[in-house]
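Q: Below is the structure I would like to discuss, written out as structure tokens.
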Amino acid sequence: MNPNQKIITIGSICMAIGTISLILQIGNIISIWVSHSIQTGSQNHTGICNQRIITYENNTWVNQTYVNISNTNVVAGKDTTSMILAGNSSLCPIRGWAIYSKDNSIRIGSKGDVFVIREPFISCSHLECRTFFLTQGALLNDKHSNGTVKDRSPYRALMSCPIGEAPSPYNSRFESVAWSASACHDGMGWLTIGISGPDDGAVAVLKYNGIITEIIKSWRKQILRTQESECVCVNGSCFTIMTDGPSDGPASYRIFKIEKGKITKSIELDAPNSHYEECSCYPDTGKVMCVCRDNWHGSNRPWVSFNQNLDYQIGYICSGVFGDNPRPKDGKGSCDPVNVDGADGVKGFSYRYGNGVWIGRTKSNSSRKGFEMIWDPNGWTDTDGNFLVKQDVVAMTDWSGYSGSFVQHPELTGLDCMRPCFWVELIRGRPREKTTIWTSGSSISFCGVNSDTVNWSWPDGAELPFTIDK
């Protein structure tokens, strides 16, 4: 083959390759156009149905590698219209308690990014229930978890996440800088109360829908503190209780009425022989009932009930089935403070039904272990130690902690009554488990049902120590 023939042959091959490449490019353009037309047609069809599509992305990090677990398209059909929560309904009749949520946050936190927390609580709007919690500005199994047994620090913050989920940086919403807190929804927006600052000058910051609306300064300069559970909203007004003063003697207790984040009224309780801390409150037929912790001298729980004008009544649960911890053995109760083992205490709750009362308490008399619900049909007014129903939810051998009430309004459930619910904190780590450098907790929750339920144990279940502890 002479040089001219070689040139012609090479040129022909190049032209053939170029032609094939051009055909492939044209085919690619046609394919993209067809695909786009199909997608556009699908979107137009969705628009005709007048539905909104929300894409939920579930992502995580595994050993520093980003993994997209799932992308799920969900048709959002729930009405998000705002409405004022009336709070006028009575509590639903119940026979027991059904498990509602369990977040397993300590177990998950041994390998995943989960916040170190304490004082979790639950509050519901007319659309959803959320878990609120006080972080320590640290993650489990990380060096900054060291020393998180401390209650009050500038690193603590109130955050929230969907109920039943382990609180992590990826699903949690910042609410307020706080080492003591409360939150509730009036049907129009979230009210959050976050207390932070020095012991002798703490400040409560009130926010409504995330905007600062009011400030409350410590009036006794002795650790201003609030409920560590949900506040209560009735007919557009929200109510909360704060304490300022000694934890082992008479202190100052104030009820605040708040509308859209602004304080409209407040009163101080005249209760020189009572002690109110960490109150668990709920609405009942337009009034507010709070069952609290007496850290001074009562092993039975104090209560305060008030209407929307803040006219109030006070007392102690009379039952000989004692609700605090530490406490004596059940026996003879009193409608005044029961002084036996009355010092110290733990946050708790009860639900009043006429003269009867559902009492939530640790199973242990002396340590924060186990949890049970007891129905005393005459316990609000009578002092005997008899009861009719006991339901176990955490075994005596497993750690518990704080507990508190929350309700689900008829606007959420569709019922014609207020559904009573409660949560239990499952504390792990220090000071009891000294193999760890940290203190944190997970949570479980239950709601009242008018049907048979079951005795069982839903413990935290994490195996300690973690890698950071070794």
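Quick reminder: no glycine exception, Cβ is built from N, Cα and C everywhere.
Straight out of Swiss-Prot:
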ACT_SITE  D151  active site, proton donor/acceptor
ACT_SITE  Y402  active site, nucleophile
REGION    11-33  region 'Involved in apical transport and lipid raft association'
REGION    36-90  region 'Hypervariable stalk region'
REGION    91-470  region 'Head of neuraminidase'
TOPO_DOM  1-6  topological domain 'Intravirion'
Q: Excluding near sequence neighbours, so keeping only residues 6 or more apart in the same chain, what lies with its CB under 8 A of D151 (active site, proton donor/acceptor)?
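A: The list for D151 (active site, proton donor/acceptor) reads R118, W179, given in order along the sequence.
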Q: What are the non-local neighbours of Y402 (active site, nucleophile), defined as same-chain residues 6+ apart in sequence with CB under 8 A from its CB?
A: E119, E228, E278, V346, K347, G348, V424, E425, I427
Q: Where does the mean pLDDT land for the region 'Involved in apical transport and lipid raft association' (11-33)?
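A: Residues in the region 'Involved in apical transport and lipid raft association' (11-33) carry a mean pLDDT of 66 in this prediction.
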Q: Using DSSP, would you call Y402 (active site, nucleophile) helix, strand or coil?
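A: Once the DSSP labels are grouped into three classes, Y402 (active site, nucleophile) ends up as coil.
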